[in-house]
Amino acid sequence: MGEKKETKFLRPESLSPRAEIDPAISAPPFQLHCPSMTRSPSLDIAPQTPKSTLASLLLSTPIASPMKKAIESMQCYFEEVAHFTKLDPQDAWLPITESRNGNAYYSAFHTLSSGLGAQALVLPLAFTTLSWTWGILCLSLVFMWQLYTLWLLVQLHESESGIRHSRYLRLSMAAFGEKQGKLLALFPIMYLSGGTCVTLIMIGGGTMKIFFQIVCGETCSMRPLAAIEWYFLFVCLAIILAQLPNLNSIAGVSLIGAITAISYCTLIWVVSIVQGRPEGVSYDPPEAKSDMARICDVLNALGIIAFAFRGHNLVLEIQGTMPSSAKKPSRKPMWRGVKLAYLIIATCLFPLAIGGYWAYGDLMPNGGMLNALHKYHGHDTSKLLLGLTSLFVVLNCLSSFQIYAMPVFDNLELRFTSKMKKPCPRWLRIVFRIFFGCLAFFISVALPFLMSLAGLIGGIALPVTLAYPCFMWIQIKKPTKYSAIWCLNWILGVSGMVLSMLVIAGAIWTIVTTGIEIHFFKPQ
């Protein structure tokens, strides 16, 4: 057979007449100079057809340089949008992701409101068992541990394929599979949302009663309300606030919650130290009846410290309210807000725990610092300070109720939009929120002893904070086996699961040995 002749294209006479040009070869899709190159394979476009000789010549001239730069910029822009807007259209209908104009300040407000609350007031109880050295050491270790897992969640929010995991449950399903992810995370997340709201009703309603007694005084002729009536009043106020449409719209409410939490935490430990220690304060650990009882006391103390850090189930939801692009991913402003929030949380929790233990020692009542303040200093402390402290607790509970109820509202609307394929109408959204408020009120009245089981149920939810993020990082990021990050996450993940099981065992032992007072429909 004859040899095939190679086809060559010659430049026009105005250029080098002897120069040869190879057939025009197009660059791979989106391989121009662009800051974001990692994309999902599903977003790849079909290969471009070879450019004509005339197009190659036109783009190679100096006159075409601005046009070429414009095409590269547009191509880079479309790649960036394609990478970071792989969003489920249904997200635009749901209250968590309905608005995506959040910022670092909003994230700080939400993180403070969800992470700092009345649970911090019982921290000195852990010190009565662990004493000074072990108490401070354990508090510091758990603080760094949960801050690290928080960082993992912030980094895992955006996957390399461009998918944003704006809910903890969806990230769990992406890491462990749909069935196993739901099995591991669904109950703890629902408890941390719905169960926290029930607890906030009990704390908020009970503190409203204390506030009324302080303001009204002993000579007040008004009939005091019963506990169930205070609960109902608290729920009515919470339902009214819950009509704000989405997570971004409650940023102002979260700011109020953050300010009030900082205020009452600071007021309580400052007043306790200024007023001085009551007589008979001792810092010796209480004597246990047996070695097993001593071990269970230590486990319960560790549980108290671990439960003081909450809000990990809301981190992805808060980050989901932020815009994201290749140049400005949401993890950067989110982490700035988290660092600011936890710097403030640390300045509240450590003085509260250390100062509270110094002020009351082994005389600390089971209710925590607020009960101790009223018990030992209620007679020699200004009613203004006592009333202001109680008012701050109530406002913080109302604010925290909104952010913890938002995943429940989101889940209810998800069921509707998945079935009807349209946004939830305004009237139905109102009905959903009233329904949840009434359900939480019913549980708080029907099961007033639920707070006595907080250690048991909280131990089940503990892996959400300390263990699952480590395992999800390994499953999704797939670090090199036996590398430092791989070993660290395995150690922390396994330790978190072991701690969870030990806390559950200690809670069960305490319930069996000491018992709990069970009374239905009789809130105290």
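Cβ atoms here come from the backbone N, Cα and C positions, even for glycine.
Those TrEMBL annotations? Automatic predictions, nothing curated.
Look at TrEMBL and you will find 101-509 tagged as domain 'Amino acid transporter transmembrane'.
Taken from TrEMBL, the feature transmembrane segment covers 104-126 (among others). A Cβ distance under 8 Å defines the sequence-distant neighbours of the transmembrane segment (104-126), meaning residues of its chain 6+ beyond its ends; these are 135, 138-139, 200, 203, 247-248, 251, 253-255, 257-258, 261-262, 265, 268, 301-302, 304-305, 307-311, 314-315, 318-319, 321-322, 333-334, 336-338, 340-342, 344-345, 348-349, 352-353, 356-357, 360, 364, 366-370, 393, 396-397, 399-400, 403-404.
The transmembrane segment feature in TrEMBL is assigned to 132-154 (among others). Outside the transmembrane segment (132-154) by six or more residues, the chain places 123, 126, 168, 171, 283, 301-302, 305-306, 308-309, 312, 315-316, 319, 331, 334-335, 338, 342, 346, 349-350, 353-354, 357, 465-466, 469-470, 472-473, 489, 492 with a CB less than 8 A from a CB of the stretch.
Within its own chain, the transmembrane segment (183-205) is flanked in space by residues 118, 168-169, 172-173, 176, 227, 230-231, 233-235, 238, 310, 313, 393-394, 397-398, 400-401, 404-405, 407-408, 436, 440-441, 443-444, 448, 450-451, 454, 457, 460-461, 463-464, 468, 523, which lie at least six positions past its ends and keep a Cβ under 8 Å from the stretch. Summarising the annotation, TrEMBL assigns transmembrane segment to 183-205 (among others).
Residues or ranges marked as transmembrane segment in TrEMBL: 225-244 (among others). Outside the transmembrane segment (225-244), and at least 6 residues removed from its termini, the chain residues within Cβ reach (under 8 Å) are 201-202, 204-206, 208-209, 212, 250, 253, 394, 397-398, 401-402, 405, 409, 430, 433-434, 436-438, 440-441, 444-445, 523-524.
The transmembrane segment annotation in TrEMBL covers 251-272 (among others).
Listed by sequence, the residues of this chain that lie at least six past the ends of the transmembrane segment (292-309) yet keep a Cβ under 8 A from its Cβ atoms are 115, 119-120, 122-123, 125-130, 135, 138-139, 142-143, 146, 286, 349, 454-455, 458-459, 462, 465-466, 499, 502-503, 505-507, 509-510, 513. Residues annotated as transmembrane segment in TrEMBL: 292-309 (among others).
Sequence-distant contacts of the transmembrane segment (340-360) (same chain, six or more residues past either end, CB-CB distance under 8 Å): 104, 107-108, 111-112, 115-116, 120-121, 123-124, 126-128, 132, 135-136, 139, 143, 147, 150, 258, 261-262, 265-266, 268-270, 272-273, 275-278, 281, 283, 308, 369, 372, 376. Per TrEMBL, transmembrane segment is recorded for 340-360 (among others).
Within the chain, the transmembrane segment (384-409) has long-range Cβ neighbours (under 8 A, six or more residues past its boundaries) at 95-96, 110, 113-114, 117-118, 167, 189-190, 192-194, 196-197, 200-201, 203-204, 207-208, 210-211, 214-215, 234, 237-238, 241-242, 244, 247, 250, 253-254, 256-258, 260-261, 263-264, 267-268, 271, 313-314, 317, 370, 373-374, 378, 429, 432-433, 436-437, 440. Annotated transmembrane segment per TrEMBL: 384-409 (among others), in sequence order.
For 430-450 (among others), the entry in TrEMBL reads transmembrane segment. Outside the transmembrane segment (430-450) by six or more residues, the chain places 194-195, 197-199, 201-202, 205, 228, 231-232, 235, 238-239, 242-243, 405, 408-409, 412-413, 424, 516-524 with a CB less than 8 A from a CB of the stretch.
When Cβ-Cβ distances below 8 Å are used as the criterion, the transmembrane segment (456-474) is approached by residues 145-146, 149-150, 152-153, 155-156, 168, 171-172, 175-176, 184-185, 187-189, 191-192, 195, 303, 306-307, 309-310, 312-313, 485-486, 488-490, 492-497, 499-501, 503-504, 507-508, 511 of the same chain, each at least six residues removed from its ends. Among the features that TrEMBL reports, transmembrane segment is placed at 456-474 (among others).
What TrEMBL records for 486-512 (among others) is transmembrane segment. Tertiary proximity for the transmembrane segment (486-512) is limited to same-chain residues at least six positions away from its ends with a CB under 8 Å from its CB atoms, namely 145, 148-149, 152, 292-293, 295-300, 302-303, 306, 452-453, 455-456, 458-460, 462-463, 465-468, 470-471, 473-474, 479-480.
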Chain residues outside the transmembrane segment (251-272) and at least six past its termini with a C-beta under 8 angstroms from it: 102, 105-106, 108-110, 112-114, 116-117, 120-121, 241, 244, 341, 344, 348-349, 351-352, 355-356, 359-360, 369-370, 372-373, 377, 381, 385, 388-389, 392-393, 395-396, 398-400, 402-403
